[in-house]
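Presented below is the structure to which this report refers.
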Amino acid sequence: MSSLLEAKGLYGGYGGADILQGTNLRVEADEIVVIVGPNGAGKSTAMKAVFGLLRIREGEVRYRNETITNAKPEQMVRRGIAYVPQEKNVFPSLTVRENLEMGAYLMKGDLSQRLDKVYTLFPKLAERRRQQAGLMSGGERQMVAMGRALMIDPQLLMLDEPTAGLSPLLIDETFERIQEINAQGIGVLMVEQNAKQALAIANRGYVLATGSNRHEDTGPNLLANPEVAEMFLGG
Amino acid sequence: MTDILQLLIYGLVLGSVLTMGAIGVSMIFGILRFAHFAHGDFMTLGAYLGLSFISAFGLSSWWALPAAMVGMAVIAVFIDQVLYRRIRRTQPVILLIASFGMALILRSLVQLIWGSDNQTYTSGIQFPWQLDWLGGMRLKPDHLWIMLISLGLVAGVHLFLTRTRLGKAMRAMSDNMDLALISGIPAERVIMVTWVIGGALAGAAGVFLGIDTRLHPVMGWTTLLPVFAAAILGGIGRPYGAIAGGMIIGVSMEMSTLLIPAAYKPAVAFAIMVGMLILRPQGIFKGTV
Amino acid sequence: MELSGIASYLISFLTFAGVYAVLALGLNMQWGFTGQFNIGIAGFFAVGAYTSAILTTPSSPAYLGGFGMPFLVGLAGAVIASTLLGLVVGLITARLRTDYLAIASIGIAEMVRLFVKNEDWLTNGVRGIAGIERPFADTVLDSPFVYLVIVALFVAGVYFLVERAYASPWGRVLRAIRENEPATAAAGKSIAGFRLQAFVLGSAIMGLGGGLYAHFFGFLSPEAFMPLYGTFLVWVMLIAGGSGNNRGAILGAVLVWGVWSGTELLTGLLPTEHATQGAALRVLLIGVLLQVILVTRPEGVFPEKPPKLITRKR
C-alpha cells in the first residue's frame, strides 16, 4: 500500500535562491500531519510547491503512486487535493454559497449533496449562506475557506496556518473541525504556528528549518523531544 | 423645465452608450488588471461592421446591432489570443501600451476600409414623438430603443454574473485571482468569455452611437474618456458601478450644455473623473484601486 | 539642386528627430525611471509649443500677445508652463495606480486640445498661430542648419541632465521604487514625493520639446497635437529604443522617425486619391511595429543597463 502523498528531496523557491533544501514530506490516507518550524523555515513554501503553485527545481511529488511534480493546480483539484491558503482565502464579494460553489467548479452534476455535507460540518455557513464573505469575521471566513476546499470531496486537505489570527476559543473549534474532517477519512497536511495544539492532534509531525527536515516523528514524541521543545515550541 | 427633461433624455441615451462601454472596461480591468485603451476603437469598429452588414444585405439600421455584437465578440477574442495573451505574463502595463497601439491599429484599419468621411445607417430623418403630457417634450423612437435595449443587455449581464457558473467564476477571478486558480477555475476560459462580453457590449455601444449621431473613425476614441470616467466613477472592476457611473456621466455631460459650450462636454466627464480621483479613487462602489 | 534638396531634407529630418528625442527623454524620466504611464504627452507638448509661440511672436490682434520676446524666453516659458501642468496632474495621480495616471493623462491631453481649439482669444483656435520665427531671425545665423545645431545642443543638454539624474542617489531611489515599491516605502522614502518630482521633471522636458518644435515648424494648430503624433510616436520610440536607457531613447527617436518618414515616401507612391488611406496605412504599420517589439523584444534595442544598486536583492 503506497502513501497518499509523498514528496522527496524538494528543491525550489520563488525564482531566486532555493528556499526548499531537500524537503521530504509524507502523508498516509486518514492521517493528520503537521509541519512546524521557525519563521522562514519554508513551511508555506513547501505546501505551495507540493500544490504546484511554485516551481520545484529538483525532487519529486507523488500522489497515490502517481508523479504530480509541478502539475497545475487544476490537475491537483481533479485528483482530489484541496488547498487552503493562509491569507486571502475567500472571494470577498461572493456570497458564502457562491464561495462554496466555486470550490466545486470542476465537479460535474448536482452540488446540493456536497453543500449539505459542508453545511453539516459548519452549521453557521448554512445560516449565512447569502451573506458576502468579505463582510464576515475572521473565524467565519476561515470556515468558508475550509468549506470551499471540502466541496471537491478531497482525499487530501492542505491547510496553511488555519488558526492564524483567531481567538483561543476559535482555535480550539478549528482543531476540532479538522479532527472531524479527518475522521471522514480525509488526509490532512497542515502548517501551524500553534505547534503544541497542532502536534497534540497530529498523527505525525515534521520540524522544518531552513528548508530541510530537522525532525520527523509522531506528534506526542515531538512534543516530548526536549530539543524540539526548546527550539521551536518556546519551552 | 422641458429643456431640462429633454436634456435628461439625451443624457440617458448617452449614458446608455457609456454604460455599454464601461461595463466592458470594468470587467477587463477586474480580470486582466489593465485599462483597455482600445475599447473606444472596439466601439468604432463595431459600428462600421454593423454598417457593412446592413448595407450588404439591404437591412434596416437595427440589424447592425446583432452583427456588431457578434463581430466584435469574435474580434475581441481574436485580438486577445493573437496579441494580449502573449504579453499577459509580463507586467500589466505592457498590456496598457499594447492596447494603446491596438487602438491606433483599429482606427487606421477603419479608415483604410471605410474611409474618413462621416457615414450614417439611414439617410432619412426620424420624426420624434411629441409628448404633450410631458410639456411637449420630444422623444425619438431610436432613443427609446437605445435605452430599452441597453436595459435588456444590462439585465442579461446581471443574470449571467449572478446565475451562471461561468459568470460567478468571472466575479471570483476578479475578486481573488490566486484563489480562483487554486480552486481549479480555468482562467483562460474565463478570460475568453470576458472578451466575448466586453467586445459584444462595445459593439452595441458603437451601433448606439452610430444610430444616435453618425459614424466616424474617431467616434470611439473621443468617447473613450467618458467611458473611463464612468468606469472609475462606478469603481473600476465593478460592472454594476459602471451602470451608475455611465448614467451620471452621460446626464452630466448633456446637462452641462445649459451652462457651458457644447464643445466642452468631454471636459465635464473629465472634471467629474478628476474630482473622483481626488476624493474617492475607489469609486462609488469601492472598486480595486 | 538635387544635392541641396537632399541636404535640406536631411536637416529637416534630423531636426524633427531631435525634437522627438527630447520628448522621448522626458517620457523616459516618467516611464523608464519610475514606471509612470503618461499617454498625454501631446498635452504637455502643446502647452510648451503654444506658450513659446505666444511669447515670441509679434503682437497680434487675433490672439493673446504675442509679446515679441526672444527665443530663449519663449523656451523658458514653455518649460515653466508644462512644469505647472505636470505638477497639477502629478499631484492628483501620484498616489494612485499607474492605470489611473494613464487615464487621467489622456484626459489632460484632450482637455488641452479642446481648449486650444475653442479658446480663440488665447490661441487663435483652429486658424492657429503662424509666423513663429527661428532664433537669430534676420541675421546670417537664421538657417535650418543652425537651428539643427541648436536642437542638437538641447538634446545633448537634456541627455546630460537625465543621465546625471539617473546615476544620482535620487535616480537610484526612483529605480528602487519602480522595482520594489513596498521595500522602498519601508526604507522610509516618500514614494509619492519622488514620483511627483520625476513626473514634473519629465513634463518640463516635454514642454521644452514643444517649444523647440514651434520654432522649427513656424506654425501651430490644434491638429498637430493629436494623440498620434504627440503621444504615440514618442511611446514607440522609447519602447523601441529601450525604456530606461537614455541613449536608447535618442536612438529610438531617430530610428522610428526614420521608419515613419520612410513609410511616407512609400505611401507617397500611391495615387493622390488614396492619400488619406496612405496616412492610415502608415499608422497601421507603426502600430504593428510596436506590437511586434512588445511581443518579441519588450526590452527594446538598447536594454536598460542600470548602474549597480548598492542594496542588491539576494
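Here the Cβ of each residue, glycine as well, is placed from N, Cα and C on the backbone.
Record features, source TrEMBL:
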- C:6-25: transmembrane segment (TRANSMEM)
- C:37-55: transmembrane segment (TRANSMEM)
- C:67-93: transmembrane segment (TRANSMEM)
- C:100-116: transmembrane segment (TRANSMEM)
- C:145-162: transmembrane segment (TRANSMEM)
- C:198-218: transmembrane segment (TRANSMEM)
- C:224-241: transmembrane segment (TRANSMEM)
- C:248-267: transmembrane segment (TRANSMEM)
- C:279-296: transmembrane segment (TRANSMEM)
Do the transmembrane segment (C:224-241) and the transmembrane segment (C:6-25) come close, with at least three CB pairs under 8 A (pairs 6 or more apart in sequence)? yes
Could you tell me whether the transmembrane segment (C:67-93) and the transmembrane segment (C:100-116) have 3+ CB pairs under 8 A, leaving out pairs under 6 positions apart? yes
Counting Cβ pairs under 8 Å to the transmembrane segment (C:67-93), which of C:6-25, C:37-55, C:145-162, C:198-218, C:279-296 comes out on top? C:198-218
Range from C:6-25, C:37-55, C:198-218 with the greatest count of C-beta pairs under 8 A to the transmembrane segment (C:145-162): C:6-25
